[in-house]
Amino acid sequence: MKTLLLTLVVVTIVCLDLGYTMKCKICNFDTCRAGELKVCASGEKYCFKESWREARGTRIERGCAATCPKGSVYGLYVLCCTTDDCN
């Protein structure tokens, strides 16, 4: 019985990904370079993409965030997501 309990504990620890962190695109332009992902800090649970218009055209910022950012004064669109490379 003790062996079974120990086995279950070990399997549970192995199956849990206790150190998982998000990976998001990080860039401040219209497009990101392929494969350019950043490992977010442990408290950052969201990837975001915000776009807004300025004199030179539409700008896009992508990154990691602890909470979903609200649109700025100039913000047209904010996308928040919780899976790797979703922004």
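Note that the numbers count up from 1, one per residue, in the order the chain is shown.
Cβ atoms here come from the backbone N, Cα and C positions, even for glycine.
Residues annotated as signal peptide in Swiss-Prot, with experimental evidence given as evidence: 1-21.
Annotated disulfide bond per Swiss-Prot: C24-C47 (among others), in sequence order. Of all Cβ atoms in the protein chains displayed, 27 besides its own lie within 10 Å of the Cβ of C47 (disulfide bond). DSSP gives C47 (disulfide bond) a strand state.
Neighbour density for C27 (disulfide bond): within 10 A of its CB lie 17 other CB atoms from the protein chains shown. For C27-C32 (among others), the entry in Swiss-Prot reads disulfide bond, with the evidence type experimental evidence.
The annotation disulfide bond is assigned in Swiss-Prot to C40-C64 (among others) on the grounds of experimental evidence. Listed in sequence order, M22, C24, I26, K38, C40, A41, E44, Y46, C47, F48 are the same-chain residues at least 6 apart in sequence whose CB falls under 8 Å from the CB of C64 (disulfide bond).
Neighbour density for C68 (disulfide bond): within 10 A of its CB lie 14 other CB atoms from the protein chains shown. Here Swiss-Prot flags C68-C80 (among others) as disulfide bond, drawing on experimental evidence.
Taken from Swiss-Prot, the feature disulfide bond applies to C81-C86 (among others), supported by experimental evidence. C81 (disulfide bond) falls within a strand when secondary structure is assigned with DSSP.
For C27 (disulfide bond) paired with C80 (disulfide bond), the C-alpha to C-alpha distance reads 15 Å. Most buried of the disulfide-bonded residues C24, C40, C86, judged by other Cβ atoms within 10 Å, is C24.
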